[in-house]
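Before any comments, here is the structure.
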Amino acid sequence: MSCKLVLALMVSAFAIATAGTLDDNFEITWGEGRAKMLNNGELLTLSLDKISGSGFQSKNEYLFGKIDMQLKLVPGNSAGTVTAYYLSSQGPTHDEIDFEFLGNLSGDPYTLHTNVFSQGKGNREQQFHLWFDPTADFHTYSILWNPQRIIFYVDGTPIREYKNAESVGVSYPKNQPMRIYSSLWNADDWATRGGLIKTDWSKAPFSASYRNFKSVTSASAATSNSWLNEELDNTSQERLKWVQKNYMVYNYCNDSKRFPQGFPADCAM
């Protein structure tokens, strides 16, 4: 049996068509009432206070697909807080694809932190500032994950592409189905300026909001599987370069102090 056929069978086995509300697709997993489904399941909110944060996860698992979620982040002085939205499997050799939004003092930009784990190994961080205020309104954060690449999007603009580097000996997330997770939590030991700025609990509770989840998978109705081979066209590549030139604030592939013996092999892809 060919590798492509095996992949196709695995995708078919775990892919899910998404329809309905957030309540249909997600379940609140922790927070003792700090996470809420509102508006008949069309809106989900997470909150954080000095006692606890909160979180939710998808009811289904995904093996490849395109997912979109609209988020409105914690406004005002959000220093010390982290809003995480990510795909992950479980166990010591887990795979993971991360969006993490690191809060900041009022008027200072959020840092959008991205990472990719495969077989339990991460350390592939890229960080960005955004070209808008992510607390003023909802914006769409998307992940395309197929056997060739992972692309992170903000409002349809690609900000990062991570390519499959198995050809140079780097493992790639392709065998472990992942759930979608999100949480709002206190990380003031590292999140803002390396932990120098602490959470101001007088501003609590902090709150982030979610709506309009969508996914495209091989089981989705009335759609082709074109996303399984999707790549950036010339226009999208130019937009990616624009974001990385103007808004990227950290790239592990440029951190020579961190990798004095040479950059990781996947940086060459």
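Yeah, the Cβs are placed from backbone N, Cα and C, and that goes for glycine too.
Quick look at what TrEMBL annotates:
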ACT_SITE  Glu96  active site, nucleophile
ACT_SITE  Glu100  active site, proton donor
DOMAIN    15-210  domain 'GH16'
CARBOHYD  Asn104  N-linked glycosylation site
SIGNAL    1-19  signal peptide
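Its own atom aside, the Cβ of Glu96 (active site, nucleophile) has 19 Cβ atoms within 10 angstroms in the protein chains shown. Residues near Glu100 (active site, proton donor) in space but far in sequence (CB under 8 A, at least 6 apart, same chain), listed by position: Val82, Thr83, Ala84, Tyr85, Tyr86, Leu112, His113, Thr114, Asn115. Remark: Asn104 (N-linked glycosylation site) has Ser78, Ala79, Tyr110, Thr111, Thr192, Ile197 as non-local neighbours, by Cβ distance under 8 Å and separation of at least 6 in sequence.
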